[in-house]
Structures are given as structure tokens and as C-alpha cells.
Amino acid sequence: DLSKAMSQAGSSQFQEVIRQELEYSMKVELDKILATAHSNEIEHTKKDLEGFKKLFHRFLQEKGPSVDWGKIQRPPEDSIQPYEKIKARGLPDNIASVLNKLVVVKLNGGLGTSMGCKGPKSLIGVRNENTFLDLTVQQIEHLNKSYNTDVPLVLMNSFNTDDDTKKILQKYSHSRVKIYTFNQSRYPRINKETLLPIAKDVSYSGENTECWYPPGHGDIYASFYNSGLLDNLIAEGKEYIFVSNIDNLGATVDLYILNHLMNPPNGKRCEFVMEVTNKTRADVKGGTLTQYENKLRLVEIAQVPKAHVDEFKSVSKFKIFNTNNLWIALSAIKRLQEKNAIDMEIIVNPKTLDGGLNVIQLETAVGAAIKSFENSLGINVPRSRFLPVKTTSDLLLVMSNLYSLNAGSLTMSEKREFPTVPLVKLGSSFTKVQDYLRRFESIPDMLELDHLTVSGDVTFGKNVSLKGTVIIIANHGDRIDIPAGALLENKIVSGNLRILDH
């Protein structure tokens with residue numbers, strides 16, 4: 001046993017030496033990159049590279065999954081409140097004074113590449129020519145007009161989306177919403193083999209675009225603080241931010257949740273509230289709230305040891321998932337940021353670049369910080385508050401008559417008999433937005449649809465109605481045109497336009 005102990009000690013010493021060498025090499029490379037910055041870039045580049053260095057240090061220290069599965073427990077009953085209970089408290093007469101303490105923050109760092117679009121995802125048209133950003137501004141403007149308040153909108157951009165977003169913001173200059181922006185950090189991608197940056201200088205245009213990445217939405221705390229905007233908003237008397245993904249069309253300001261935060265029933269304010277909702281079969285991979293070492297903790301699928309992944313996906317054991325709609329106290333962000341006390345697990349995201357080079361990017365997720373805040377709470381909200389548009393299949397749902405649009409907010413049509421959304425799977429011919437739009441002369445009537453699967457070269461004429469379960473499969477080389485005015489109810493349409501009952 002002595003020799004075993006000695007070899008273990010030797011091995012850990014050896015690993016420590018390698019770690020130190022890697023950190024030293026990384027520091028040398030980052031210093032070289034910083035040396036290429038212009039005088040006006042030095043300050044923020046330095047902050048970015050310092051933040052990256054901390055993340056890289058932690059990445060080298062941590063081994064294996066970041067959670068001990070044996071310590072994961074179901075959250076205590078009162079730590080996740082049903083939305084109905086919060087709504088039942090009603091609203092105070094002075095809701096305007098509560099609203100004036102709020103800031104809406106939208107995570108706007110993503111590009112529309114997964115849907116075949118160039119530029120920021122927030123500028124994709126979703127409904128009646130309105131983009132995600134248009135709908136967001138309309139919602140907040142409606143709030144400000146209805147209650148005579150001043151709720152500002154803050155966009156967290158990335159270096160990928162900043163220029164295009166700022167250009168488009170001019171069109172809202174006369175709207176009744178103050179709009180601010182700040183940028184996420186810009187971190188260097190690292191070669192998977194050498195663990196060194198692939199960037200040789202600070203530029204991120206042309207052939208260097210692939211050298212850099214925005215490090216996930218967990219970066220919001222540091223970049224919001226570093227931008228100076230956090231302090232400005234606190235000075236204006238703002239107390240809470242409501243953070244959500246800009247592509248989640250269900251994430252509107254909820255007055256009942258806001259009132260619960262500002263006027264807590266037990267007198268003790270929450271610093272962090274996470275909206276969760278019940279899992280369906282489509283959400284088995286979503287992060288879930290657990291109790292871990294007496295704190296609420298968000299556990300993502302990437303942190304789960306392989307042997308427990310099926311258990312994690314089980315709808316019976318982990319019934320809820322994180323919608324990424326979060327309400328956070330500004331003063332708490334400031335306090336924790338100044339103490340360097342926000343702890344988020346590292347997500348290692350492997351990528352293969354166009355030239356075939358394997359790189360990794362180190363990221364963090366905004367919700368993972370829940371364990372660093374005091375008096376955190378989960379609120380189990382209706383599914384309608386989680387309406388993300390990640391694919392053209394999602395886009396079809398929100399463009400259809402399943403939803404009506406009012407003051408920038410989408411609500412499920414009252415004519416739909418059940419509150420669940422149909423399951424829609426559009427094949428690869430529909431992946432890009434422009435192809436998808438070309439294939440629908442008009443969006444079908446989907447009020448009575450349960451399930452739609454479309455595969456292959458399929459187009460839809462005007463005024464098509466889909467009901468029940470509809471499966472349309474064009475074989476390779478075949479094309480199916482669904483004629484204008486067609487009603488498909490519980491049908492399978494295949495190869496040569498044979499229509500079969502399902």
C-alpha cells in the first residue's frame with residue numbers, strides 16, 4: 001500500500017507540474033495577443049482575457065462530473081412554489097411603483113445560423129413581419145403606456161450581434177422604451193490538443209472570426225458589472241432584472257411574480273427566482289432544480305455522470321426544468337461580483353471548425369449561479385411562459401392560428417380545445433428560414449392538430465387545414481404538393497401522393 005500511496009502522490013505531483021506549465025504557456029500566449037491590441041482596445045481586451053484566465057484555471061483544476069450524484073436530493077416542498085399560489089395573492093394598488101424598480105434584460109448574443117440566417121437571431125421575422133426584437137419592444141412599450149412607468153430594456157449582445165443590433169435600434173428611437181446594450185466577453189477558442197489559443201492577435205474579423213467566441217450567458221454577471229450599466233441602474237433606483245432568452249416568446253413581464261419579489265409574504269426578499277415548468281417528453285434534456293448541500297442548485301445534463309443520465313431524463317423523478325426566465329436582485333449581483341463569489345459550473349463545448357480543427361470553448365450558464373444567491377426560489381409557471389423558437393418547426397407553431405398576437409405578446413387561441421401545443425417535426429428541406437417560407441403559400445390552419453411530421457420535398461398550397469395526426473413523407477426524388485384548400489385529418493401522405501387514413 002505504501003508504494004501505491006507513493007505512486008499516487010507522485011502522479012498528483014506530476015499532474016500539478018503539467019497544470020502549472022499549461023497555465024504558464026497560456027499566460028504567455030494571452031500576453032502576446034494583448035500586445036497586438038490598439039490603445040483603445042487594451043482596457044476591455046485585458047478584462048476579457050483576465051476573465052478567461054480564471055475560467056481556464058478552474059477548467060484545469062476540475063476533473064470529472066461536477067456533481068456528486070449521491071448528494072442530489074429533491075428540492076424541499078416550499079422551495080418551488082406553484083404559480084397559482086403566487087397569482088392568488090393578487091396585485092397591490094401601486095403596481096406602477098413596483099414596475100419602476102424593474103429592468104428587462106434579453107440575452108441577445110446568438111446568431112440565426114441554425115435556422116440558415118445571417119446576423120442576430122433577434123432580427124428574424126416571427127409574426128406579421130415582426131422580429132423577436134420588435135415583439136420585445138412592443139411588450140415593454142405596452143407596459144410603460146398602460147401603467148405610466150419607465151421599464152427599460154437592456155440587451156446583452158455578443159461581438160457577433162452588436163453592430164447589427166445597434167443599427168436596427170435606431171428604428172425604436174421614438175418608442176416609449178429606453179434601450180441600453182452591453183457586450184458579453186470575447187474569449188479565445190483553444191486547440192483541443194495543445195490547450196492553447198488558436199488566435200494570434202486580437203482581431204476577430206475575416207479569417208479570425210473562428211478564433212473567438214462569446215462564453216455563454218453565465219457571463220452576464222461579470223460583463224453587466226464591468227460595463228458600468230449595473231451601477232447606473234442601481235443609482236436610478238432599479239432593484240430587479242428579469243432575464244430571458246430573446247427567442248423565448250413566452251417570457252413576458254409577469255406582474256404577480258414581480259409583486260411576490262418586491263412584497264414577499266414572509267418579509268424576506270428573494271435574491272434569485274428561477275421560473276421552472278413541468279417536463280414533457282420533449283424536454284428530457286432540460287436542466288433541473290435540485291437540492292444539493294442545502295442549497296437550490298441547477299443541474300444540467302452535461303454535469304450528470306454517464307451512469308445516471310437515464311435517471312436524470314426520467315420525467316417521474318425530475319418533473320420540472322429551467323425555462324431560463326430569471327428574476328435577480330441587482331444589489332446581490334453587485335455584492336457577489338465584488339467578492340468574486342459567483343460560482344458556476346464550467347461547460348466544455350467541443351467544436352470542429354470549417355477547416356477540421358478540433359477546438360473547445362469554456363462556457364457558463366446564467367441559471368447555474370442560483371446556488372451563490374441568498375433565499376433563492378423556484379416558481380412552477382404555466383408552460384405558456386416557455387415558448388422558445390429554436391427551429392423552423394417552432395416558427396411554424398408561432399406563425400399559425402394557434403396563437404393570437406396582442407401588444408407584442410402571443411397567447412394561445414381560445415379556439416384551441418386543449419392547452420398543449422402540437423408536436424411538429426419538419427424535415428431537413430425546411431431547416432433554413434428561406435426554404436421554409438418558400439414551402440408554405442400560407443400557414444395551415446392548425447387549431448385541431450396533434451402531431452405533424454413532414455419529410456422530403458413537400459410544399460403546401462394556400463388555406464390547408466391539418467387536424468389530428470398528419471404524416472407527409474416524400475420519397476427521395478419525389479415531390480408532394482399539398483393542394484390549396486386541402487383538409488388532412490389523421491392522414492399519412494406518402495411517395496406518390498397516396499393519401500391513407502392514419
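Counting starts with 1 at the first residue shown.
Each Cβ is built from the backbone N, Cα and C atoms, and glycine gets one as well.
The UTP binding site annotation in TrEMBL covers Lys121, Gln184, Gly216, Asp247, Lys390. Marked as substrate binding site by TrEMBL: His217.
Annotated features, which come from TrEMBL, shown on the structure.
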| residue | record | Cβ neighbours (10 Å) |
| --- | --- | --- |
| Lys121 | UTP binding site | 24 |
| Gln184 | UTP binding site | 28 |
| Gly216 | UTP binding site | 23 |
| His217 | substrate binding site | 23 |
| Asp247 | UTP binding site | 22 |
| Lys390 | UTP binding site | 14 |
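Residue pair His217 (substrate binding site) / Gln184 (UTP binding site) shows a Cα separation of 8 Å.
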